[in-house]
Amino acid sequence: MNRLKKSHRQKSLFWRPIAPNPRWQKENPTAHGSTDTGGFGYNGGNEEVKTSSTMMNGIHALVNERQNEWLRGYEVDIKSRFDNIESVLKDILAQQSQLNFVSWANQQLFAKLGVSLTEQDWQSGVQLQSQKGFQFLYGKTLFAQFMRMSEDFFVNDPLSGQRKQEAERMFKEAGFHAVGIAPCADGRLAHILSYVLRLPYALARRKAHAGVMFDVSESVRNWVFIEHTRFRDGQPNLADEPTRYLKIAVYHFSKADPTHQGCAAHGSDDHKAAQAALQKLKDFKQAIENRFGCGSTVQTLLLGLNTDDDSMKVHIPNASGEVCLDRYVETEQLYQATMNLPDSEAKQALENAIVTCNQALGSTAPQPELVKLLSWLIGNNFSQIAYVNQYENGCYSDIGHAERFIGIGNGFEEVQLRNLSYYSFLDTVEEGVNDVDVGIKIFKGLNVKKGLPIPIIIRCDYDGRVPGSKDRAEAKALRIEKALHNRYQELSAPGLLQTLPTLRDFTSCKPAERLPGLADLSAKQRTA
């Protein structure tokens, strides 16, 4: 159990590169390629029908092994880029006697990490006191890796997250024209879409808050925008079609260490975390009905993620769409119960389990369309359960926090990996101060104790169609950066707070744009 309680970035014994598979390489040569994967992408991951011989080998009929292999390759590749920064930089800085050090250092950095820094960055880092210079260069290198990841993500679409047609069809058949998901800001939930639920990132609007304490008013404004787009443009469907908006909240818990590795925002109290998320869903639904009438009702869904193994509690709504904490199914139990069933029987068993869950507690069953959708999502989660079983021996070695950086602002679609980033949606530091404080507290344990800086990436999205939108987003990003350094001066002064302001046009698939920030201004002054 001591191994499970570790919260630093420790690689599992099963953390290894994927052995080349000729068949897989032919269809998807790299984790970042733009090769067409056909039915291999995010269509629920269950298109290939398993034979009886496959089931005899212990493979669940609803698990997509090829997709798991592909996702693992991406995860290992991206995380290694961030995890090796410290050791590579220390090796380089230990050899400052090299002739033409800056040029040599950049060559070494690119050869080992695939990124390079500007000559000004290297000169500034070398001029600073040893530890502060290392912290400066660490931040610059990590930010360069993020920009590289962002470009790869939006240009090459390595997770096929822009291919959302099949998933959209599933939700529309269930009566939903749009999906919003509100997970906790905890980095152990950052992969909720692409991995846990196996959904394309472009399908759902994701905005994370510590403890799932999302802003109800902001969520209502987004709902109004979606409904207006339906009315004016007929997108994603016509306003007179009988479909609704689906709002999903995701809290989290840990069965291995419930009193320490649960939700920090709720004191690792699982019931409080679930109750708070449910109350936010109720408030959101009530706000829309109060403002726009009962005919404008939305559907809500509550999920609980076990961050030890990525299995879930799926809280089953009744016939009226009401959610209750006591009505839920556990995907790990359903995974085991359906292990030896063929594809069609396993799917039917899931639908039966959803219906009987409510009946056992004297409640009504969900609408048939919702039963089918929930069954599909649970089946998707089976692939993630198998993923953790295969590559993490059934339980993550880093069951606690092990994030590499903090992301604040909006967007961050390119962050789709578990424990890569602590991400919190905010408009201003003042409004999101509680979320940011939680992130800073986490990184004091992860980084500061080891002499590493806390890297914070700021993202402000803009609408490229709107005149002045980019300028306003830039001013906002720089304002947030300044507010961070003012609030956390005890970290900023010794170089333990490194920040990168970025922008992105959310109307396109273009990557993040780097802005010159406070660190760049200071570096320019030092080298002038």
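Residue positions begin at 1 at the first shown residue.
The backbone N, Cα and C atoms fix where each Cβ goes, glycine too.
Keep in mind that what you see is a predicted model, and the values were worked out from it rather than measured.
Here Swiss-Prot has C184, C263 binding Zn(2+), and the candidate from H228, H252, H315 in that same listed site is H252. Each residue contributes its Cα atom, and for C263 (Zn(2+) binding site) and D186 (active site, proton acceptor) these two points are 8 Å apart. The two recorded residues, H252 (Zn(2+) binding site) and D186 (active site, proton acceptor), show a Cα separation of 9 Å. Counting other C-beta atoms within 10 Å of each candidate's C-beta, the binding-site residues C184, C263 are led by C184.
Within its own chain, D186 (active site, proton acceptor) has A210, H252, C263, A264, T307, H401, Y422 as residues 6 or more apart in sequence whose C-beta sits under 8 angstroms from its own. Around H252 (Zn(2+) binding site), taking its Cβ as the centre, 28 other Cβ atoms fall within 10 Å, counting all chains.
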